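As structure tokens, the structure follows; a few thoughts come after it.
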Ligand code: UDX
């Protein structure tokens, strides 16, 4: 089928690429000329495993192309996906101005002669946005154009976006017209995943409800981690014990420094705002946010308990990205941690396998020394903090690390190491929701 995707951000670029990979003819549109020119040269603006190879393969096969012209997209495709940013506003509501602008521009390109078109919202939007897009298009398009609006939310995770797209748990299609639903089902027939058919509003709600539920699971286990720390329990064992109940499932029960990224913080806030607007305040989600914020506070308190004054202490931080396998630092707890340490005048060095450059940009004036090597980052440090769940940190050579550090103390904010291994290598080891462990003193 002929598809166009407007917006080549994370969702637009990966979705467009995967659609071309399963055989569709795809035009990706972006109004940023430099970005489009870079993409035409095969340069991918984000780090995402497998993406570069897939873009190159499908561009060479003639199934994927990039343009700055919305008109080119609208005229040459049956289905137009909108995948532009929906950033948060200061009050937590969603800024829909990009969606409105693109809807208006699409309307100006539609004509009755073009024939039927489906306009699909892929971006995460508040419930009822679809009907606003419909009204906008009706207002600006010439009389007689034939179109439907569909909501088709995307559930990909950064760091494994390609695999999530090609092997989704489910596909949600919200449409108020059978004709649109049937065509959308054809788009996805090569994905071999169950399709959830809904009305427009339910599909929009599914996205906010799903992300808020996952954030809730993380805050739940983080609240349990605080109880474990006080009572001597082990949150990893508790998570295992509850996660084996199929009704709960073991996923998203990893205690840590809290959730970050471009989705959970924004979507939880948005859902709170949407529910307030509808007059049915979702106060449970306010607690989810509060727990997420206090998780870093509690970690900082434990660090102060150990080191007393942080001023002039040499602290190494492993991890800057908001999670592993990405260079994205949006709402990254690791970056917030570095900022907090700098505010307390600690001497901070940091390393991330992929996010050093993006983090340096957002850290701005904060005096963090960004290192090219994880061991050099830890050289001379009085404490090492693990802030992101990268595999290379879990597999670190602890003997080598101990030799490099000034004091053998690890604060593991992602429970990546096994306490017994850390102690065996001679480290004092503090983690989340587990008892701290100390090496035996030599006689
Ligand atoms: C999320 C959703 O998973 C995805 O379906 C949606 O489309 C976009 O938002 P993403 O933000 O890419 O994806 O990352 P995810 O893997 O969900 O992790 C989000 C944050 O939660 C990270 O900061 C991660 O470190 C944290 N997390 C995740 C935990 O602290 N514990 C967990 O058990 C899982």
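A Cβ is built for glycine as well, from the same backbone N, Cα and C atoms used for every other residue.
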One of 101, 207, 391 listed by TrEMBL as binding substrate at the site of 155, 156, 157, 158, 252, 253, 254, 255, 256, 260, 323: 207
Binding-site annotation, TrEMBL, NAD(+): partner of 30, 35, 86, 158, 266, 330 in 124, 294, 358, 369: 124
Alpha-carbon distance [residue 253 (substrate binding site); residue 158 (NAD(+) binding site)] in Å: 18
Mapped DSSP class for residue 86 (NAD(+) binding site), helix or strand or coil: coil
Binding-site residues near ligand 1 among 35, 124, 155, 157, 260 (Cβ under 6 Å): 155, 157, 260
Cα-proximity to residue 263 (active site, nucleophile), 10 Å cut-off, over binding-site residues 30, 35, 253, 255: none
Maximum Cα-Cα separation in Å among residues 155, 156, 157, 158, 207, 252, 253, 254, 255, 256, 260, 323, which the record lists as binding substrate: 24
Listed binding-site residues 157, 207, 253, filtered to Cα within 10 Å of residue 124 (NAD(+) binding site): 207
